[in-house]
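Residues or ranges marked as compositional bias 'Pro residues' in TrEMBL: 33-47. Annotation comment: TrEMBL describes 1-49 as region 'Disordered'. The repeat 'PPR' feature in TrEMBL is assigned to 235-269, 270-305, 306-340, 341-375, 411-445, 481-515, 516-550, 551-585, 656-690, 691-725, 726-760, 761-795 (among others).
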Amino acid sequence: MEGTLFPSRPVYPIPSNRPTQPNHPPWKLNPTTLPPPPPQSPSPPSFPIDSLLQHLLHLSASPNTTAHKLNHLNSPQYSNAHYPSLQISADSTHQHLENARLEKPTSVLVSQFEEDQEETLMENGFLEFLTTRGKMMFNSIVELPLNDLNAFFDSVKLELVEIDLISLLKALDLSGNWERSLFLFEWVVSNLCPENVKLNSQVIELMVRILGRESQHTIASKLFDEIPLEEFSLDIRACTTIIHAYSRTGKYQRAISMFEKIKETGLSPTLVTYNVMLDVYGKMGRSWNKIVGLLDEIRSKGLQFDEFTCSTVISACGREGLLKEAKEFFAGLKLQGYVPGTVTYNSLLQIFGKAGVFSEALSILKEMEDNNCPPDSVTYNELVAAYLRAGFYEEGAAVIESMAQKGVMPNAVTYTTVINAYGKAGKEDEALSLFNRMKETGCVPNVCTYNAILGMLGKKSRSEEMIQVLSDMKLSGCGPNRITWNTMLAISGDRGKHKYVNRVFREMKNCGFEPDRDTFNTLISAYGRCGAEIDATLMYDEMIKAGFSPCITTYNALLNALARQGDWKAAESVLLDMKNKGFKPNETSYSLMLHCYGKGGNLKGIQKIEKEIYNGQIFPSWILLRTLILVNFKRRSLKGMERAFHQLQKNGYKPDLVLFNSMLSIFARNNMHDQAHEMLQLIRETGLQPDLVTYNSLMDMYARRGECWKAEEILKGLPESGGKPDLVSYNIVIKGFCRQGLMQEAIRILSEMTARGIRPCIFTYNTFVTGYAGKGMFSEADEVISYMIQNNCRPNELTYKIVVDGYCKAGRYEEARNFVSNIKEIDSSFDDQSVQRLASRIREKLES
């Protein structure tokens, strides 16, 4: 049998019970027979949040970062200004991973005609349309440092009143100084707007256009919240851009309000406007009826759906978990003669890939090929994501190679998707290897890539490598964005340091990164991980006050905080509130509920969700079936684990090593020898390598069966299989020998363990106390206790309870009483209440 475990070793006939040498007396655990245990390992250094934070602060302040804030906004003379929180958004250069994965062909807000017109102005001298005084003002503004502009504007207030503001703003923008044009606009709003001077529809439309083109959605939404837009007659394109800014910053009600005002004033929404509103309702959630209504409105106006329309509706279905509605919408489009393009197919591929419906994702890809619709990099990125969601990590990584063979080069999103999946699967080394390969092939990592690496390393406390990544970001000129700071917030929460979450959040705002909805969601999760459930709830309230609408991610963050506490009653209230507000719980919601029920010991709650999954009410995704296996493992339910594992295989998903180890462990605990070895075989067949957890489970199985020699054989073979035995490994084998009364062999294993530098723990010593007490060797048990005290491993109540039970089992009650009465003499730190409980236990045993 051992030959199958360690194929490189010859198979020797090993008896199940090897006799001890008869002439040797049982070894005793004392300093004469065993050297002192190795010194305690120094406690691991605390996670250096301070050092990481300093690196991130330095990186955020670097000249090459695009996330700098407008310096004048913090200057003393601007401290009472009307817009104290505006800053340049990082969105201008680094877009979010979600948007990069699904590039949609929106109708441009800046027309090609106007772009050509601007190029002509640049070629012919764009300052020619300025007056002489305007040119002088332009030169002064361009030459001054940003933080001196506000004071300069104050000093030339009278001149600015007389200059053509729109020409000056346009000149600054055309010359590549859009930030200075924003400074000027803010100053005008703060200083001239009360006098109703200079601010008109054309000026606002120009500023809207500039901010829209630069993707400065946060600034735009804040700025136009303060300006009474209803007093100006803006054109439809400006209104559409403002709605888009509100959408991108999560201010959906503001966007809806503006859309309604557009129609009230008689402006005709364009297809672009409708597309943006479809995106608003899609992101807002619980709005399928609104989306259907908009689609009918588009048709009634004689407008034709474009790729953006179709892909946006499909993506909205994906966010809501409305897979059936997405399929019906797509089928209806084709019946009406619409020929789907790559972008529409990509949207459909994405939602089924995210939902874990792997077979459907592959059929969509096949349909694309059958219809001669060429896949692009986004298609392959979604295919990679679909593989990874089903647990096929290596297959997902292999798509990178097949892309290159088909002439589609993998981009940063492709690599980042696989890196992120490796990180979630605990394959940090594979992720870092792929990251290095990415750079070697010439694919430049973006901020999303770096964020994925930082988050992955942060979870494993690999701080030195995190600092190297931050240094690499600086060298490559890649500035951090809001997601980088959100990642640092999440890491602070993982460390369980409440004060660090507060500090990181404060520094984030000091660097000009205003919190968005994702930041609040991250904060809710971080406080939840710190055990600060009240703060998580307060942060939810702050999010609502800040004008952000909660989404499924928000509710899941709350559920995550409650799951860690096992507060399933509060979690059920959150889930009910989510449903009442029109949100459809997704796989993460149900997965967190399962964990919450498991932590709280609510078996009926687990069974209720199980039933809904197995009868088809909830789609059996890889994530949910995986969670069912793990939750059932924690409650030692063999039947529940086997059923979920069978469903996982039936759906074509690939188990990871954690699931295989969980199944092997439950089989080992239940003495199911053949099934345990079947799991071991499956691990190898799927290309995985058994790890220390795998072998520890096998050793535990043999130890429980009384085949302690086989357990030791596995222990000895670990180094040859690439493993390194740990304290758990030795404790398992020691326990196996002690159960058989082979105390001499147990001490031999202990001696080998300490020789390797592994210090025994209280479980180790209690195992020896159990072994000696079970054999009636109470003087030896006393020596173990004395040895523990001498070597700074204080006995606990269980230690003394084992001896008391041993005496009682042998009918030696008087000796049990004497033992208890003498405990305080040998162990002065043992508390009186524990002594009383032990004395009561003797009386109970005597009376039973």
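Including glycine, each Cβ sits where the backbone N, Cα and C put it.
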(request) Across the whole of the repeat 'PPR' (481-515), what does the mean pLDDT come to? Round it, please. (result) 74
(message) Three or more CB pairs closer than 8 Å, sequence separation of 6 or more: does that hold for the repeat 'PPR' (235-269) against the repeat 'PPR' (551-585)?
(response) no
(request) With DSSP as the reference, give the number of residues of the repeat 'PPR' (341-375) in helix, strand and coil. (result) 26 helix, 0 strand, 9 coil
(message) With helix taken as DSSP H, G or I, strand as E or B and everything else coil, how many residues of the repeat 'PPR' (235-269) land in each class?
(response) 26 helix, 0 strand, 9 coil
